[in-house]
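Enquirer: According to TrEMBL, the protein carries these features:
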type: DOMAIN; residues: 27-440; note: domain 'Major facilitator superfamily (MFS) profile'
type: TRANSMEM; residues: 39-58; note: transmembrane segment
type: TRANSMEM; residues: 64-88; note: transmembrane segment
type: TRANSMEM; residues: 100-124; note: transmembrane segment
type: TRANSMEM; residues: 130-154; note: transmembrane segment
type: TRANSMEM; residues: 166-188; note: transmembrane segment
type: TRANSMEM; residues: 200-219; note: transmembrane segment
type: TRANSMEM; residues: 253-271; note: transmembrane segment
type: TRANSMEM; residues: 291-313; note: transmembrane segment
type: TRANSMEM; residues: 325-342; note: transmembrane segment
type: TRANSMEM; residues: 348-369; note: transmembrane segment
type: TRANSMEM; residues: 390-409; note: transmembrane segment
type: TRANSMEM; residues: 415-435; note: transmembrane segment
């Protein structure tokens, strides 16, 4: 799909009056608040899986096998995310965006709270990891349906020439949620002994999350439905079967968006967060508190700014150009960080430099993604198209930390398999963009 076609896709939807700036601020704040809370729950699980879930829920495994098993439960959430995308995408295109925001917040918040209460293997045996997998699956369903709804409420309410910026503001919920998750774990890891942290300290952020979920629920209940969906509903032009329509009429676009999401966001994201956290604390034996603090600081400062920059640029030069530039950066910068920096120095500073080199182009893409995807689909199947094409990529992305941890251990700690992976998926996404332009 060319840039002109993307713009015409948005223009082809029923006319809807954009909200004034004060109204946009309220809508954006509500979407951002819920987004922060849901990403907080999500990332909290990822870091806890890397740091403590192995010995707690898989004590009979070796240290490496325990981490792999814990990361396996982490990956379960990604298998669930396409299911959430299908279910809530269909409902969001049929019943509205707002209702889905409320439902997905509850589906994320309640399982996270229950994880904080979950007994370990030593208390209830194999029931512990089984329940952990179930709760993680529910988390994945919730997040799979939440993301598209949160950004659509904003992008469909904003003026088209500002939808990139407002969409990127919601996207910063990922950086803020991750910073909040890592920051809370850092504080507890610093204040408590290792035994206390592993025994009970890690549970505190999960339990605290329920209070944040209540606040987010209160805020989201006050959000108005998006004008574009309201216009569709009033005109009687809602799709009867959004999934079927999206696949039949926009299948090529969904495939391209899948590649962009996979190569531009999903794989590099889990390399620079979950994999590098595990590699730094386990393989390099770096202090967990230092790694968590560094990651948190980078995300709430550098990557927060880059996310907003991506949205701002999308409004200025077009979202496809920003996405293309980010994918080009991902062809080169991760390899430079992994092979030239981290392979030469086993320090926290080297780890954070590598994280920044991988994350910088990725977070720019992340900021431009709401505008890019929203302009790729008509409003009547937009929730479904965005959810399914994006969340399907997480099936692969969720397995990346697990597979790369195993492969890197097999090759003696060398990082070239990680560099090859990030380069390959970036090339896949870039080729998809070029193919869509030629085929249009």
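The backbone N, Cα and C atoms fix where each Cβ goes, and this holds for glycine too.
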Enquirer: For the transmembrane segment (130-154), name the stretch out of 39-58, 64-88, 100-124, 166-188, 390-409 with the most CB-CB pairs under 8 Å.
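Expert: Against the transmembrane segment (130-154), the leading stretch is 64-88.
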Enquirer: Sequence gap of 6 or more, Cβ distance under 8 Å, 3 or more pairs: do the transmembrane segment (291-313) and the transmembrane segment (166-188) meet that?
Expert: yes
Enquirer: Other than its close neighbours in sequence, what residues sit by the transmembrane segment (200-219), given a CB gap under 8 Å and a spacing of at least six beyond its ends?
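Expert: Non-local partners: 29-30, 33-34, 36-38, 40-41, 44, 48, 51-52, 102, 105-106, 108-110, 112-113, 115-117, 181, 184-185, 188-189, 192.
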Enquirer: If we skip the immediate neighbours and take only residues 6+ beyond the ends of the transmembrane segment (415-435), which ones have a Cβ under 8 Å from one of its Cβ atoms?
Expert: 255-256, 258-264, 267-268, 271, 275, 320, 323-324, 327-328, 330-331, 334-335, 338-339, 342-343, 358, 400, 404, 407-408
